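Quick notes on the structure that follows.
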Amino acid sequence: MRIDSAALLVKDPELREVPDVVGPGEHPTEDRDEIHDIYRGWRAVADTYPGTRVLVGELWVPDIDRFVQYLRPDELHTAFNFDFLARPWDAAELRASIDATLAAHAPVHAPSTWVLSNHDVTRPVTRYGRADSSFAFLDKRFGTPTDLDLGTRRARAAALLTGALPGSLYIYQGDELGLPEVEDIPRELLQDPMHYRSGGVDPGRDGCRVPLPWSGDLPPYGFSTGAVSAAPWLPQPASWARYTVQSEAADPRSMLALYRAALRIRRAEPLGDGPFAWLDDAPEGTLAFRRGDAFLSITNLAGHPVPLPAGELLLASDELGQAADGSRELPRLHGVAPSTAASHGEPSPEKGKTMKSPRTVGAAVLALTALAGVAALSGCSSSGDQPANGQVAITVASLIPGSSDDAFKQFNQRVKEFEKANPDILVKPVEYQWTGPTFSAQLAAGTLPDVFNVPFTDSKSLANAGQLADITSEVKKLPYAGRFNQSLLSVAKNDSGDIFGIPYGPYAYGLSYNRDLFTKAGLDPDKPPTSWDEIRTDAKQISDKLHIAGFMVFTSGNTGGWALTEQTYARGGRMEVTKDGTTTVTADNEQTVDALKFLQKMRWDDDSLGSNFNLDWSGMNQYFGSGQTAMYPSGSDVLTSLVQQNKVDPKDYGLALIPTEGTGSGVLSGGNVAVVAPNASKAEQQASVKWIDFYYMQKLLDKKSAIADAKSLVANKQPVGVPQLPIFDKKQLDTSLGWIDSYINVPKANVAAFQNGIFDQTIIPEPAKHTQELYGALDSVVQAVLTDKNADITALLKGVNTQVQALIDADAK
Amino acid sequence: MTAITTRPSAGRDPALRRRRRRTPLSWLRRGGLSNLVFLLPLLVIFGVFSWGPIVESVVMSFQRTNFVVTQWVGWDNFAALLRDPLVPTAVLNTGWFALLALIFGYPIPLVVAVLMSEVRRARGLFSALAYLPVVVPPVVSVLLWKIFYDASPRGVFNTILGWVGIPPQPWIQSAATAMPSIVLEATWAAAGGTIIIYLAALTSVPPELYDAAEIDGAGIRHKIWHVTLPQLRPVLLVTFILQIIGTAQVFLEPFLLTFGGPANSTLSILQLIFRYAFQNSIGVDYGKATALSLLLALFLALFSFVYFRITKAWSDD
């Protein structure tokens, strides 16, 4: 029999006002000494019945000594212990409460009770996710922020903690489902008088009283069945489908599964009774105690993972981590509980960094461990071979400097998600752009991020030169390691086959064009040119009508040679030929000559290339973004950068295939390799590969990650659906695109010309040897052709041959 | 403190002074230590940021290094320079730049300074106007000129030329006009500083020399030729060598305006050094870069030495 408000049965007969200072037993309505006579009477009645009759008091008596007076042998059998549920998520606080509770109950020989919440109290999942995780009626306010993921992990740990304590365990209905406090009940539907008495500032207690979800996908989730059509008295949230008993019973990782497993162990061990002793040499910040000789409970509230002693693991509330030495450890429960101090608004977004306040970081995982013997315990405190804060911090390349705030917001969101999933890794994003000039100096100075990216063009040379970290073993551990397109993965390997990075975002050359300018020039934007002759006539029409460049190619910063190589491939030529291990530079091949003659005609006969012949990658993007050229060949992924840097609207953007003509013709491909700085420690390298896996790979492999990524891209106004090539195979790419189909915001029709044709093209990699020097030398040739009417193309190309061949031959020596 | 207060009254006795000079103790007593302490910050700063790197780069010119893997290659870097066809191109370009800069950049400030010294009113305003380009950060002014040099008919300069009926010029988009365009910008940017130096020198010319020349019947041309220029000679000689050293190391303007193009027509020596060190992405040619730097430094040192030897007689005159 439960006695509600068990301390409030007796009033002062004189009905005095409540004094300012109330001594023990002096309150006119609460906890008056006369009440004990009543309970003695009731107990006598209860004892007259056969079998087990139990009196349980709902007692809100803060003074633990007065509290246990109700539990004397001739009064109530037991009472709820509200001290424990009011304490914040803090090892010292909880330990003090446990100690006080056990000490007070011992003399009256009553069992202690443990409960995490009841029908008056904020749900533990919500409460433990708050900056202030203690409970007090008077502090309840609307809009107190919480981190439900953090709260859930803590609530799971708390469930196992209470489950291992001696005494009676109470579970408030719904806690076993991990229900959060419902904080968005429409105000007009609130029932609790506490809300109305507070003048509407206190949300009241309805949030923990919402009818339980049992089954199904829609309210009332099986709460009302059959003919009952009336809605429950409080509305159930639409998101509760995942909390139903039905769905949690099917999920081994659910809160319900955890509770059931914990209760089975509690009965089997048996933990309701028996000795209890704190473990003296437990790591700081943990609650570790022994129940008998062979049972150990450890709850980690420290700000870092703690090692787990040897023994059989019965149950853990969270996934175990692995210490550097390979032993198991309890992960720290990592996260930032939203601070109420930061005012009533949302937590302030921090750009570019994620600060962690150690004070608000809680950590919790509980393991019930059956130990082989006490001897094993001594090993537990000495195996802590961790960095001081137990975390590995890595810096990762974020975006190109100058990218929009929205793009950075999106990136930081991904970082937060990663940190949530990997509490032992701290990620610091830094702006980064691959530039040859600064790379070596950054490497020498140790200022490179731990994770950064290099183009396919350079990755192999860097790997061979020892300028990247060898991550072969980490990459091989990835479940999809064997599925990479091997020819792509080879760009990330050195000559001996060790792996130095993970390729991502492969692209093929495409013809970017401005649909708006096409329309203005009287061309059909849905019919981009499909042959080089059409490019020429279209360009002429555009430049005649609009007095801008109809077409333009890169010319400087080595991109001139890069683009000329593509124009050569498109006609079936090659810049370098390797035979029997010897590489010959063939820059003067017929097709390159043709490509340059083609440019020459457009420049000097048609005058359709504009007037700026000094355009590198960024310069060209700017040129295109500001409407000064209508077409240019570039990587098929350039739209992302055009949006982030040059504010190009995907609606005005079109991507077509570069026309391929002649035998051996194909499309130049490229991409990036996510690599790790060679000076990163082993732990940093491991964390780095985890990040690469999360940020670059999972969106291609895992539906949930793909959607999460696409969602945050869309939310931050970034393009989704920029054409790229498959990193595994086309099927995988199509599958991953299918997952995010509804998020694609790059008009499909605008890139259809490219997308529909690219898989029928031969994809050709970049020239292998001294690629950058080759490109640099070709820059000058392109510039000469565009600025000197009488440029001798063949002589210039022969010069390139000599120049680059000398470099290649020097290597062979 | 102690060293100063216990210093002997003075070295009146020559014999005593000689003896003191010889021992470290007397050096100490004469304040050597405090001198050294005062010098120390300077020595450290120059040592760490200037002399150290100089020595380092001399060492590096005999190596092949990417800062991770380093190997000694002896004279290979220098030999490679001799084989590189871009080296003569860069040397000729730099010489061409120096010559053009001398033709435009050397006399123009002098003429402007002489004219300004003749101006009686609002001289401060003219000085400020002349010096303004120097105050503008070089990168800003170069990028501004890059916009002015837009080769389309809508470009700033081409529009201005259009008003007087001159057709659009390619400016930095053609090998023939790129270098003069760069010199024009460089002269505009640097003239202010030189003008101020000349102005200061001009005010130090004693007016009675002009008076005497006038009495002898000299006109303005004679006055400038026979009075002003000879009086300015020491300053002119210094600004000349400074200009040569400066133009030999031209980098910023071609780097930002043309990146050495079109077709290497504005590739300067310093830019070639930059390319060796950085442009091939992997940065394995630091050795070649420092080797070329070393050669340039040696050439300039030698040139300055010879120049001062030759002109010593003139300026002492």
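Glycine is treated like the rest: Cβ placed from N, Cα and C.
Here TrEMBL flags B:91-307 as domain 'ABC transmembrane type-1'. Annotation source TrEMBL lists transmembrane segment at B:27-51, B:96-116, B:128-148, B:188-210, B:231-252, B:258-278, B:290-310.
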Residues sitting near the transmembrane segment (B:258-278): Cβ under 8 Å, six or more positions beyond its termini, same chain?
86-87, 89-91, 93-94, 97, 172-176, 178-179, 182, 248-251, 285-286, 288-290, 292-293, 296
Spatial neighbours of the transmembrane segment (B:188-210) far in sequence, C-beta under 8 Å, 6+ residues away:
105, 108-110, 112-114, 116-117, 127, 130-136, 138, 141-142, 145, 223, 227-228, 231-232, 235, 239, 246, 253
Touch test for the transmembrane segment (B:231-252) and the transmembrane segment (B:27-51), at least 3 Cβ pairs under 8 Å:
no
So which residues does the transmembrane segment (B:290-310) touch in its own chain, when a touch means Cβ under 8 Å and the partner is 6 or more beyond its ends?
57-58, 60-62, 77-78, 81, 87, 241, 244-245, 248-249, 269-270, 272-273, 276-277
